[in-house]
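Chemist: Quick paste of what Swiss-Prot says about this protein:
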- 73-89: compositional bias 'Basic and acidic residues' (COMPBIAS)
- LYS32: SUMO2 cross-link (CROSSLNK)
- LYS91: SUMO2 cross-link (CROSSLNK)
- LYS102: SUMO2 cross-link (CROSSLNK)
- LYS106: SUMO2 cross-link (CROSSLNK)
- LYS154: SUMO2 cross-link (CROSSLNK)
- LYS184: SUMO2 cross-link (CROSSLNK)
- 20-78: domain 'Chromo 1' (DOMAIN)
- 121-179: domain 'Chromo 2' (DOMAIN)
- SER11: phosphoserine (MOD_RES)
- SER12: phosphoserine (MOD_RES)
- SER13: phosphoserine (MOD_RES)
- SER14: phosphoserine (MOD_RES)
- LYS40: N6-acetyllysine (MOD_RES)
- SER92: phosphoserine (MOD_RES)
- SER93: phosphoserine (MOD_RES)
- SER95: phosphoserine (MOD_RES)
- SER97: phosphoserine (MOD_RES)
- 1-21: region 'Disordered' (REGION)
- 70-117: region 'Disordered' (REGION)
Amino acid sequence: MGKKTKRTADSSSSEDEEEYVVEKVLDRRMVKGQVEYLLKWKGFSEEHNTWEPEKNLDCPELISEFMKKYKKMKEGENNKPREKSEGNKRKSSFSNSADDIKSKKKREQSNDIARGFERGLEPEKIIGATDSCGDLMFLMKWKDTDEADLVLAKEANVKCPQIVIAFYEERLTWHAYPEDAENKEKESAKS
């Protein structure tokens, strides 16, 4: 189970630590080039969900589970038509209290937030690359904004191949073998 430790401010000498347990990872975003996850805390309502930097978390299994679902959702969005019919939605069996309605609206809004190429922005450059659940992902910087998103490399290869090539060219290095260096020295000594 995921955990996050928080020291209480009122403890002077004993430094008591309070541990929060992550129940579920709900969403992912990039803020100033750092990955943050929206977390549902065990024993707390959805109004207490918080965005936390990846480096502060100790729940790799939950993050991995979320990324698998996130990846499937992304691939599904690319293959399915955008519009959904109202007739296919199920009604909830729970009561529609004010809290239920608010939390449902929050979930719908967070799911409606466009990410990556869905935002319709023009890619400027690739800042970095990472492996996420076995898939290569690029951190894409967009033109006319300071924001960046993780996008599937497969998608970037199709939508902006020249930017992908530029990213690889910037990082391309040539390594000479020792025999090559010796041969060049011999040739220059003969001249």
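Placed from the backbone N, Cα and C atoms, the Cβ positions cover glycine too.
Remember, it's a predicted structure, so these values are computed and weren't measured experimentally.
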Chemist: From the Cα of LYS32 (SUMO2 cross-link) across to the Cα of LYS184 (SUMO2 cross-link), what is the distance in angstrom?
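Modeler: LYS184 (SUMO2 cross-link) to LYS32 (SUMO2 cross-link), Cα-Cα distance: 47 Å.
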Chemist: Highest CB neighbour count within 10 A among the recorded sites LYS32, LYS184?
Modeler: LYS184
Chemist: Between LYS40 (N6-acetyllysine) and LYS32 (SUMO2 cross-link), what C-alpha distance do you get in Å?
Modeler: 23
Chemist: Counting only other Cβ atoms and using a 10 Å cut-off, which of the recorded positions LYS40, LYS154 scores lowest?
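Modeler: Selected from the recorded positions LYS40, LYS154 on minimum Cβ neighbours within 10 Å: LYS154.
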Chemist: What does the DSSP secondary structure composition of the domain 'Chromo 2' (121-179) look like, as residue counts for helix, strand and coil?
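Modeler: In the domain 'Chromo 2' (121-179), the DSSP-based counts are 20 helix, 23 strand, 16 coil.
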Chemist: Over the domain 'Chromo 1' (20-78), what does the predicted model average in pLDDT?
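Modeler: Average per-residue pLDDT within the domain 'Chromo 1' (20-78): 83.
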Chemist: Tally of helix, strand and coil residues over the domain 'Chromo 1' (20-78) according to DSSP?
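Modeler: DSSP classes over the domain 'Chromo 1' (20-78) add up to 25 helix, 25 strand, 9 coil.
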Chemist: Please report the three-state DSSP label of LYS184 (SUMO2 cross-link).
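Modeler: Going by the DSSP assignment, LYS184 (SUMO2 cross-link) falls within a helical segment, counted as helix.
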Chemist: Reported as an integer number of Å, what is the Cα distance between LYS154 (SUMO2 cross-link) and LYS32 (SUMO2 cross-link)?
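Modeler: A Cα-Cα distance of 24 Å.
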